[in-house]
Amino acid sequence: MGDVEASSANPKRAQGRLCSICGAKRPALKRPKTLEEICRECFYNVFEDEIHKVIVENNLFKCGERVAIGASGGKDSTVLAYVLSELNRRHSYGLDLFLLSVDEGITGYRDDSLETVKRNEIQYGLPLKIVSYKDLYGWTMDEIVKAIGLKNNCTFCGVFRRQALDRGAALLKADKLVTGHNADDIAETVLLNILRGDIARLSRCTYITTGEDGPIPRCKPFKYTYEKEIVMYAYFKKLDYFSTECIYSPNAYRGFAREFIKDLERIRPRAILDIIRSGENFRISTFTRMPEQGTCKRCGYISSQKLCKACLLLEGLNRGLPKLGIGRTKGHNGVNKDDEQQKISHSREKGSSLQSKQCGTLDF
Ligand code: SF4
Ligand code: ZN
Ligand code: ZN
């Protein structure tokens, strides 16, 4: 909770000063997004009101919809479940909310975090559905890592999770799936897409709703919510969440982008919102070829290829050729066909870049 304490208002300096919003109470914290010194109640209000505003202005939900909350037990999805049920009650959204968790089969990590989600089910009174890789694909991540080692494990996990969430949401007959991706996650993805030169994904990764042409649209109500504020909110509200990192988490490129954004935020808190704004304002060239949408011949899941990425990876695992789905074949002009295919498939499955990120400590 170092972040929370570091960002809290200095009690000595704050003496005599009053909350810059209500002007009545002593400030309890310095708001990371604006650096205003405010009291706890005003923090809860601005935090929740901003999310409500984002939901209303972007028409994220319709009255009567069944909404599945992707719940990992981590801070983002726990706060999302809590705030969404509060707002649903307070503003009469008329939503049926559910928790949806994916059990990747990672001993010592997911089994523990799922215990948190099971407690959240009771605490918030939201029905919980758990779908597992073992049931869906016949493999746990522990078994996959045993077979393929610690390289590319997150590619398997990311592809399987994306589909598992869709399948779980379909079992719940959900109209929408919401995820806890926050402003820092989105800024980080914008930056990574710039660093990779992936212009096609650059503008899409900032969409608040994606997959409207797919089986179940996904929304990110925390698109403008700062990670530090989510941590503060969870801390002050004493929410029950799990904060351990995945034991197979890679310490890679994304980590550096994350640190860079945190450094920028320290100097200028608005930097996170400005990076998102930049991503939103990029335009894809009209010459960019967008592939035709289709369905996987084997499982029926959305895919631009004959077989979806999950089926391809699974076939590789089952045949003892784990590199099959991530193999690198050169095309006639030296272009990496797999990279090309992957890029096209990402263009197809609108907004998939965020979901396919290597999660590390991130929620899905
Ligand atoms: Fe899966 Fe995330 Fe762990 Fe990678 S870090 S294996 S994507 S849970
Ligand atoms: Zn106040
Ligand atoms: Zn398939």
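From the backbone N, Cα and C atoms, a Cβ is placed for every residue, glycine too.
The shown structure was predicted, so the numbers you read here are calculated from the model rather than taken from an experiment.
VAL102 is the residue from VAL46, VAL102, VAL145 that TrEMBL records in the ATP site together with GLY70, ALA71, SER72, ASP76, GLY180, ASP185. On the 0 to 100 pLDDT scale, the model's mean across the domain 'tRNA(Ile)-lysidine/2-thiocytidine synthase N-terminal' (67-250) is 94.
The number of other Cβ atoms within 10 Å of the Cβ belonging to VAL102 (ATP binding site), over all protein chains shown, comes to 26. Across GLY70, ALA71, SER72, ASP76, VAL102, GLY180, ASP185, which the record gives as binding ATP, the greatest C-alpha separation is 20 Å.
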